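*Asks:* Here's the feature list from Swiss-Prot:
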REGION    1-303  region 'G-domain'
BINDING   116-123, 198-202, 256-259  GTP binding site
REGION    304-541  region 'M-domain'
REGION    442-489  region 'Disordered'
Amino acid sequence: MVLADLGKRINSAVNNAISNTQDDFTTSVDVMLKGIVTALLESDVNIALVSKLRNNIRSQLLSENRSEKSTTNAQTKKLIQKTVFDELCKLVTCEGSEEKAFVPKKRKTNIIMFVGLQGSGKTTSCTKLAVYYSKRGFKVGLVCADTFRAGAFDQLKQNAIRARIPFYGSYTETDPAKVAEEGINKFKKEKFDIIIVDTSGRHHQEEELFQEMIEISNVIKPNQTIMVLDASIGQAAEQQSKAFKESSDFGAIILTKMDGHARGGGAISAVAATNTPIIFIGTGEHIHDLEKFSPKSFISKLLGIGDIESLFEQLQTVSNKEDAKATMENIQKGKFTLLDFKKQMQTIMKMGPLSNIAQMIPGMSNMMNQVGEEETSQKMKKMVYVLDSMTKEELESDGRMFIEEPTRMVRVAKGSGTSVFEVEMILMQQQMMARMAQTATQQQPGAPGANARMPGMPNMPGMPNMPGMPNMPGMPKVTPQMMQQAQQKLKQNPGLMQNMMNMFGGGMGGGMGGGMPDMNEMMKMMQDPQMQQMAKQFGMG
């Protein structure tokens, strides 16, 4: 996502200010604001909106700093982060959007009409929204009322078939209002919950287009009218949305092509200024690449803080409820099997492009930028191959039998076309996830250590009690080169694999040869700078 560059620049400006607050606070704030303002203007955010944001941040920070004469560095850091975060959220927030939000109801006919210019991604967005609601238990139908563009019905038909969504259209009828009415009557008789109507678009805002939209709207009486806007037009989105608003009085907006343009931030802020809520953003070409828009979630992902709420929502839509229940029961018993690990990997791979998932996980977006999506995807597939080569008994275990019987690793490596070292690394990752899952369970309200936090992990703005993740101020960063060097050290010291797994898994007992682990060798390895950095990342340094 090109918007990630904007996030990096804002983060850089904030982090520089945080590290220099011990000098002159006012100067540090002004330097930070210069960096933020430049980044926003280059992303095509309206200059008046940027000026307002700058003034708000500056006045709040200087006022708070004067009133709190004995603030610590940690308090100053939190103040800067929270103020910048809150003001960026305001920049993309439509006032009263929550009160205006349309919520479709099951067992009732909900008609949604789409409008917009040709080429904005309107027809594709219709299918994406149909898939979104279908996943949530609604019975959804698509109607093509675009009789102007050649191939419009074919496009919607192909998309609908691929997404397994019922559709209606006509190759002969030229009256769009009549086609829309016929389609709605058909789906009403069949008790559909949601009927989505796609309308014609034009290359320009022609009077005929607006008149056609009014005629269709008068006939079908939609519960919600959605305008689809191309995010690549930047702040010009404001003028376009106002022109449509005067004619069709739409109630919400979907912004498309947010994955490929730096001007998306400008489009969002411009639309928010028109006081029309953005309900979804398109983040790719796949039919699942539609995200519910929330100002806090958007800014969190932009700044690399992550969006755990959206991640959980996506996990729920693709995960098997019985599998999830079984995994949770295992975790509560203090057990996380290789089969649980495999199911988690398969669920993640169903969620669409890894770059979209990485934005929701704190610190992961930067890692994806360093390693690359294709390489990461290939590694995940290889992990599944390794797990597929294990027996039922092995998958239902917690991995100890591989340590007790190393020949099992050799067999799995041969069966999956990988190396013994790669099998070892997957076992180590499973142990790390087991420890994290058990820790999360222990820290639920009422459990011992419920308020415990990992050492060195700061809270992030707008996300109370949410521990920060890698790449934040004060945290060391593990680079791909460091990981490769650490892996080389493990290859050169194969006996240390047991020790690493003991360290991550809470002590699994029994060595490769049945003896005590060689702690002297372990200590030597952990004194290496690369390994120390890795240890700190996992809260062990």
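Easy rule for this one: first residue shown is 1, then count along the chain.
Backbone N, Cα and C atoms are what each Cβ position is placed from, and that goes for glycine too.
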*Asks:* Which state, by DSSP, holds MET258 (GTP binding site): helix, strand or coil?
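*Replies:* In the DSSP reduction, MET258 (GTP binding site) maps to coil.
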*Asks:* Secondary structure at LYS122 (GTP binding site) (DSSP, helix/strand/coil)?
*Replies:* helix
*Asks:* Counting all other Cβ atoms within 10 Å across every protein chain shown, which of the binding-site residues GLY116, GLY119 scores highest?
*Replies:* GLY116
*Asks:* Just counting, how many other CB atoms are there within 10 A of the CB of ARG202 (GTP binding site)?
*Replies:* 17
*Asks:* Give me the count of other Cβ atoms within 10 A of the Cβ belonging to LYS122 (GTP binding site).
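*Replies:* If we count other Cβ atoms within 10 Å of LYS122 (GTP binding site), we arrive at 26.
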*Asks:* For a quick check of understanding: among the binding-site residues THR199, MET258, which residue's Cβ has the most other Cβ atoms within 10 Å?
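*Replies:* It comes out as THR199.
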*Asks:* Give me the mean pLDDT over the region 'M-domain' (304-541), rounded to a whole number.
*Replies:* 61
